[in-house]
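Undergrad: Can you keep this structure in mind? I'll have questions shortly.
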Amino acid sequence: MAVLDLALQGLAIFGCVLFFVLWFMHFLSIVYTRLHLNKKVSDKQPYSKLPGVSLLKPLKGVDPNLINNLETFFELDYPKFEILLCVQDLDDPAVDVCKKLLGKYPSVDAKLFIGGKKVGINPKINNLMPGYEVAKYDLIWICDSGIKVKPDTLTDMANQMTEKVGLVHGLPYVADRQGFAATLEQVYFGTSHPRSYISANVTGFKCVTGMSCLMRKEVLDQAGGLIAFAQYIAEDYFMAKAIADRGWKFSMATQVAMQNSGCYSISQFQSRMIRWAKLRINMLPATIICEPISECFVASLIIGWAAHHIFRWDIMVFFMCHCLAWFIFDYIQLRGVQGGPLNFSKLDYAVAWFIRESMTIYIFLSALWDPTISWRTGRYRLRCGGTAEEILDV
């Protein structure tokens, strides 16, 4: 009995520690969002002396928003940049979209590369290789096809690239769109994701997604260039790690990386979350423990049990109150990331929040069950450490 009592006491202490850690993350991310995101910062260098930037744009297929998203890059207000559009297949409809924009903006330094270069299993790296090899500026901006920008987005990112910074990244968020699936995505990228993303970066953990990353080409070349990351599916994580390992700091842009895909659904969102969870589990095995207990419902149960064991509080009353507080703080976080009025009602938020939180265990168990992922046109079997092998159809 003494051993059991000691174990229960240890679990109760763990629940208390979990409570303080998770609420520290809540407060930290909200304060950072209010102080840093969507703020106009003073220019750290004259406009005319901003460094040149080579934009690498990987393209695969089209969606209803692709041409509008791409056009925002042709309309950037920046003194010196080039756009390197990379398409894998000649018959890809994205080729026609690119040619249309190249004809519409002849004064913009932009080129189209078709065919890619096979250097590994990562299709995004393979697609970008021709553009990377001819990039002429010291800064490389890799930005996904579903991202849209403002005219001053690149200026904001370049101003964050100070002397000791090697990588500038944008917090992923989602543009206002119609439909419940869009609301669900917006709630996730405005609550759970920024809480972990911001907390990790502020406390010194390198957490970067590759949707919009500005990097020093010299540092990437020292790490072996893009080809060195072609063995990984999550190339963004390993690029960031390589830059950090060489002593460079990271900085987060004040503007978010605004996702604006024209194709979205609840099933697509769920599949994307499962794919990301699989990658995290294989790259960082500690995720198996940390991720489930950081979600609202599981954390509330653990902390509620600890409160009952130590203080004899009612578990269900504590669970409901804790979830309500989490729900409210998530809404505050969402409004901060949005930087303005939301495109949906508080009722829509409540429903989307509950469904998103209810999905978490299913997403996590699905990720554990099957180590293979489908991404772009291929299927891959993940290995521990982040590498992968392509599954070829026989």
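Glycine is treated like the rest: Cβ placed from N, Cα and C.
Okay, so Swiss-Prot annotates it like this:
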type     : residues : note
ACT_SITE : Asp236   : active site, proton acceptor
MOTIF    : 272-276  : motif '(Q/R)XXRW'
TOPO_DOM : 1-10     : topological domain 'Lumenal'
TOPO_DOM : 33-195   : topological domain 'Cytoplasmic'
TOPO_DOM : 216-287  : topological domain 'Lumenal'
TOPO_DOM : 305-309  : topological domain 'Cytoplasmic'
TOPO_DOM : 329-348  : topological domain 'Lumenal'
TOPO_DOM : 370-394  : topological domain 'Cytoplasmic'
TRANSMEM : 11-32    : transmembrane segment
TRANSMEM : 196-215  : transmembrane segment
TRANSMEM : 288-304  : transmembrane segment
TRANSMEM : 310-328  : transmembrane segment
TRANSMEM : 349-369  : transmembrane segment
Undergrad: Using DSSP, what's the helix, strand and coil tally for the topological domain 'Lumenal' (216-287)?
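TA: The counts are 40 helix, 9 strand, 23 coil.
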Undergrad: Taking the Cβ of the residue listed as 'active site, proton acceptor' as the centre, count every other Cβ atom within 10 Å, in any protein chain shown.
TA: 21
Undergrad: Sequence gap of 6 or more, Cβ distance under 8 Å, 3 or more pairs: do the transmembrane segment (11-32) and the transmembrane segment (349-369) meet that?
TA: no
Undergrad: Pull the DSSP breakdown for the topological domain 'Cytoplasmic' (305-309) and write it out as helix, strand, coil residue counts.
TA: 5 helix, 0 strand, 0 coil
Undergrad: Using DSSP, what is the helix/strand/coil residue split across the topological domain 'Lumenal' (1-10)?
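TA: DSSP composition of the topological domain 'Lumenal' (1-10): 9 helix, 0 strand, 1 coil.
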Undergrad: Hey, which bits of the same chain come close to the topological domain 'Cytoplasmic' (305-309), Cβ under 8 Å, at least six residues off its ends?
TA: 8-9, 11-16, 18-19, 315, 318
Undergrad: Under 8 Å between C-beta atoms and at least six residues away from its ends: which parts of the chain pack against the topological domain 'Lumenal' (1-10)?
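TA: Those are 309, in sequence order.
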Undergrad: So which residues does the topological domain 'Lumenal' (329-348) touch in its own chain, when a touch means Cβ under 8 Å and the partner is 6 or more beyond its ends?
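TA: Contacts with the topological domain 'Lumenal' (329-348): 26, 29-30, 33-34, 37-38, 171, 173, 176-177, 180, 183, 186-187, 189-192, 194-195, 256.
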Undergrad: For the topological domain 'Lumenal' (329-348), DSSP counts of helix, strand and coil?
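TA: Breakdown, helix to coil: 13 helix, 0 strand, 7 coil.
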Undergrad: Let's see if you can do this one: DSSP helix, strand and coil counts over the topological domain 'Cytoplasmic' (370-394), in that order.
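TA: Residue counts in helix, strand and coil order: 0 helix, 13 strand, 12 coil.
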Undergrad: For the topological domain 'Cytoplasmic' (370-394), give me same-chain residues lying six or more residues beyond its boundaries with a C-beta closer than 8 angstroms to one of its C-beta atoms, as numbers and ranges.
TA: 60, 121, 123-124, 231-234, 237-238, 271, 275, 278-279, 282-283, 285
